[in-house]
């Protein structure tokens, strides 16, 4: 999870396979617990994943059709979202500073890193990447671009993964330190530099910056930008939606959180005609049209109702965890960011700045019971984030007096016979703030989520609805 202004180097993230229905969430949890790579314990899955319904609609206690944000406030928020989304194309946009663009060289320069073969990397590997990335000549361009597919944005221009010591709990796969973020197809970009061989381009998006393969983007001119910025946009409301152009060519999968322009006059009874970018032989962006049925796409922004939040969360449940969006999955901050995008609510990419958004209340000094009481009294379902260092969750209501959250999570810290491990969950789930409390091997106190929760923050001017 990195930000578009300055990276936060090691803040945990998340990612997907194909759409997995909520009814399969528990089976998925069992599979992941049995097949994960980090040291694990003999315990089964966290018990509250079993009795807790994996349905975001049963915990909030609100009128499902009553908006949580006033119309005027949401209109303003959506305008700010679009401004941020298209900011990379603004003529006065300047590249980020070199120390931010090349933060990975400094951060990993002396680190003990491992490669895809689980062996230690050559200590000079980072130095070679620095030369390949031409750090001494940055920036070399200021050019509009667009993602033509779902793009893995890398910290440095390299595809092979980089891990900390895989023998340590919570390290190794899937935590590729070179993965910054997934960037959705159709995302406006600013290109500022290229690698030595031009195979990689350093780009900035609304929420992140990093290196992408040159063939995954296309150059934007005035004509394309005018056609693409239709003024009317659509929100994808399902994961793994195949996007096929008018010639029958598959282009990419769209997911919840993807925003695409609607063709002028593109609203139909059964769906929408959307504008998508395609790269031509010269590397320039050309517009194509793709039709999506109304079951997977809606006009943006969606009304911020409990019913709409519930539908999107339920569609995201069970999706495997994806650090930095690897394999088109989601980490904790990407799950929250993608959920808010269809409502026109802009959030940063990383959990730390997300936890600083809106009205923040610090609860770090409270004991667990006091934290629960505070959250239940002050949080608004679907609008309040619950934060701890390195992790972010969305409050969705309560169950038997326990706060309930939606989050994408890798696992719980454990300790078995003196050896640290992980109880792998590995997906987007609904839990209390004390999942796994019944496990004898749960590391205490640091393995109890609630113990390490430090703040809650409510996004935007909520309507005041309470459960």
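Cβ atoms are placed via backbone N, Cα and C, with glycine included.
Unlike curated records, TrEMBL annotations are generated automatically.
Secondary structure of the domain 'NLPC/P60 N-terminal' (28-138) per DSSP, as helix, strand and coil residue counts: 53 helix, 3 strand, 55 coil. Annotation source TrEMBL lists domain 'NLPC/P60 N-terminal' at 28-138.
In the domain 'SH3b1' (161-213), the DSSP tally of helix, strand and coil residues is 0 helix, 23 strand, 30 coil. The feature domain 'SH3b1' is assigned by TrEMBL to 161-213.
With a threshold of 8 Å between CB atoms, the same-chain residues lying at least 6 positions outside the domain 'SH3b2-type SH3' (221-263) that come near it are 16, 18-19, 82, 85-86, 89, 144, 146, 148-150, 184-186, 272-278, 284-292, 295-302, 311-312, 315-316, 319, 328, 334, 337-339, 341-342. As annotated by TrEMBL, domain 'SH3b2-type SH3' applies to 221-263.
Along the domain 'NlpC/P60' (318-399), the predicted structure has mean pLDDT 98. What TrEMBL lists as domain 'NlpC/P60' is 318-399.
Counting residues of the domain 'NlpC/P60' (318-399) by DSSP class, helix then strand then coil, yields 34 helix, 23 strand, 25 coil.
Sorting each residue of the domain 'SH3b2-type SH3' (221-263) by its DSSP state yields 7 helix, 19 strand, 17 coil.
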